[in-house]
Amino acid sequence: MPPPPRTALLAASSRCLKCYEIGLKYASRNFSALNRPLPNYPGHVPLNRIERGVLAIGSAFGSLINPYRHDLIAALGEATATPYFIYRLRDAMLSNPTGRRILRDRPRITSETLKLPYLRNLPENSVGWTYAKWLDKEGVTPDSRDSVQYIDDEECAYVMQRYRECHDFYHAVTGLPTMVEGELALKAFEFLNTVLPMTGLSLAAVVRLKPAERERFFKLHLPWAVRSGLSSEELINVYWEEQLERNVDDLRTELGIETPPDLREIRRMMRQQEKRAKEQQAQGSSS
């Protein structure tokens, strides 16, 4: 793959600036619930600027209170992605041969399209086997992703949907679990890789971590996220459906992603240390 096209995270192409102006014009239209424009695609909900702002603020506070409200996180992602950031991500796909193919083919990631029983029977350490194993271990399914509603441009709505559906592949290739600590590490990586504001805003949930977890995040996983996020290829351009039989280690190397510290193993070792410390304390007090 060629080097990442982003030399600066917020550098914009002329196409992106033009799309920004178009999106800003659309967002500033004076409409209300009585004269709302027709939807641009099935499920689309047009919003004016005030409604988009209210949605962003409300979903941000709601997702901070409950990080497992995926519907609020999805709404936050859409409300803050326009009028600039989702166009930047779309332009990154247009500037990449594989990204252009994805935009042309419009593949969807579901348990049916991926044929999960087939993935479970692939060789160990293949991308597909790793993905299916991660889904089973975490108890999640690719069918649970919310549909995009609040992105006005139909093509950009697909880009957001594609990012959303690929999220579990990012989990699988990094090995990060769905617990809050793992999600924060992945969101930090995604922010530097995609520049979507929601991924950066999600890091506010670090205040919900326990002191030991917060210290571990800043010492181990945040430095990993910065290194890998800045040096890796743009993951939106990965045609995951064509990588399923590849060795996951080879793909990680090709994409420029370091393997992060094993969060589950770290937490297991910490629990064992705490258990031994309590046992020693109990023995000392009884002697």
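For all residues, glycine too, the Cβ spot is worked out from N, Cα and C.
Counting Cβ atoms from all protein chains shown, His171 (Zn(2+) binding site) has 20 others lying within 10 Å of its own Cβ. Residues or ranges marked as Zn(2+) binding site in Swiss-Prot: His167, Asp168, His171, Glu183.
DSSP gives Glu183 (Zn(2+) binding site) a helix state. The local packing around Glu183 (Zn(2+) binding site), expressed as other Cβ atoms within 10 Å of its Cβ over all shown chains, amounts to 20. All protein chains shown were included, and the count of other CB atoms within 10 Å of the CB of His167 (Zn(2+) binding site) stands at 19. Taking Cβ-Cβ distances under 8 Å and a sequence separation of 6 or more, the neighbours of Asp168 (Zn(2+) binding site) in its chain are Tyr131, Trp134, Leu135, Val140, Pro142.
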